[in-house]
Amino acid sequence: MSQNIDKIQDHVELFHQPEYQELFENKKALQGMASDEKVAEIAEWTKTWEYREKNFAREALTINPAKACQPLGAILAAVGFEGTLPFVHGSQGCVAYFRTHFTRHFKEPFSGVSSSMTEDAAVFGGLKNMIEGLQNAYSLYQPKMIAVCTTCMAEVIGDDLGSFIGNAKADGSVPQDFPVPFAHTPSFVGSHITGYDNMMKAILLNLTDGKKPTTSNGKVNFIPGFETYVGNLRELKHLTSAMGVDATILGDNELYLDSPNDGEFKMYQGGTTLEEGADAINATKTIALQTYPTVKTLEYIEKEWQQPTATYRPWGIKGTDEFVMALSELTGNPVPPELELERGRAVDAMTDSHAWLHGKKAAIYGDPDLVMGMLQFMLEMGVEPVHVLVHNSTTEFEEEAKALLASSPYGQKATVWGGKDLWHLRSLLFTEPVDFLIGNSYGKYLWRDTKIPLIRIGYPIFDRHHLHRYSTIGYNGAINLLNWIVNGLFEEIDRNTNIPSKTDISFDLVR
């Protein structure tokens, strides 16, 4: 064996060793797999227009989805509030998946519990699990609030969360006045952004239950949406502070998802206080930074709180300008020199790199609001989007995206693909290649197959560290986006021009 105490091989090298290569060959023979030549033949066929037509004729099969299920978004909304423990009414396996999904992206512990439903609960209902689960969660983890959502199992059998929680309180599992907001989050409907919306609405409804708007507190509420860049929360606080806005961020998970290593574990870090959440009903306005994960929440605020709402996407120069000017109009404060300086730096950086991006063709996939923000920025840089794919799409998103693309000379060649998955995108990239692809870590398989460089922007990002700490919004965020894209293209140029005396005529020191 090449792996021994004197010669430790990491996993990158280990499986290239002869004994493992022999094992893999024996496995292929045992399983009766097709020959390498046949696999290569079929692989080539999947790159053709003929295969693309068959691929797009799929109706009842998803291959490599570009979305997740509702509870994932629900628990992200929950941890944005002080001392809140997400409680998933369903099996342990589901909540383990949700927690590891966030832990791998943020590189932080992510707390959450389940009602541990098994076969008996699937037949007889999960009331007993709810009663015992809430009691254990309350006594063991001492939260200030428990936010309950559901998985497929609980939804298929029709468990009534409101009734179950009421019975649990009557049974003494938690005090009667203890806040237990709940949201039904069936995974077979919508996606993670729907779950975020459902839980955010449920928490605000619970915290303001029985309250009516009184005298305005002079504050402005901000709802980040399904936000996986903690740098964006810091950037939001920076922009609102610079503009003199008395802001309440509803669902502030910045510290929870980017906590310091100070030698002491804290289960609940940061978050919007429950008092701030309850007082949000008295704000002058609520502003969302994402449209599609806040639809029901904003409808609730407008109807029940009688509070005006608005949505802004501060991506790129134009989007940030609109956001900053809206804050200026809201407060009556002028734009401070600090933000003018940041804007000038962003414009200068974009001017420096414009020649390298102008006219480049791009493909992008991700959540609706992230894709809209990136389209705004790319069009400002003269990038020409070709494939715009959103798996968790809606008719409203597709109309909005098409209108944005039609408004720019650089968006005329783009096609919006709603409800399509990453296997669809693979066909698109082979039949209509582009210069670069923007997406999350799952795009690396598209990069491997098509050799189209991947710029990692989105969620989840598992295979690169610390990108979630940066901002993508504001003037500072525009510089980050530019940095990732243009330097990603430079890396690709260097990879393609590094053979001495053959391709290195453009292996330049200065770009």
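Easy rule for this one: first residue shown is 1, then count along the chain.
Even glycines carry a Cβ here, placed using N, Cα and C.
As given in Swiss-Prot:
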type: BINDING; residues: Cys69, Cys94, Cys152, Ser187; note: [8Fe-7S] cluster binding site
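Positions of the features from Swiss-Prot, shown on the structure.
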{"residue": "Cys69", "record": "[8Fe-7S] cluster binding site", "DSSP class": "coil"}
{"residue": "Cys94", "record": "[8Fe-7S] cluster binding site", "DSSP class": "helix"}
{"residue": "Cys152", "record": "[8Fe-7S] cluster binding site", "DSSP class": "helix"}
{"residue": "Ser187", "record": "[8Fe-7S] cluster binding site", "DSSP class": "coil"}
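Each of the binding-site residues Cys69, Cys94, Cys152 was scored by how many other Cβ atoms lie within 10 Å of its Cβ, and the smallest score goes to Cys152. Residues Gln70, Pro71, Gly90, Thr151, Thr185, Pro186, Phe188 surround the recorded [8Fe-7S] cluster site, their Cβ atoms falling within 8 Å of the Cβ centroid of Cys69, Cys94, Cys152, Ser187, which are themselves excluded. Sequence-distant neighbours of Ser187 ([8Fe-7S] cluster binding site) (same chain, 6+ residues apart, CB-CB distance under 8 A): Cys69, Gln70, Pro71, Thr151, Cys152, Glu155.
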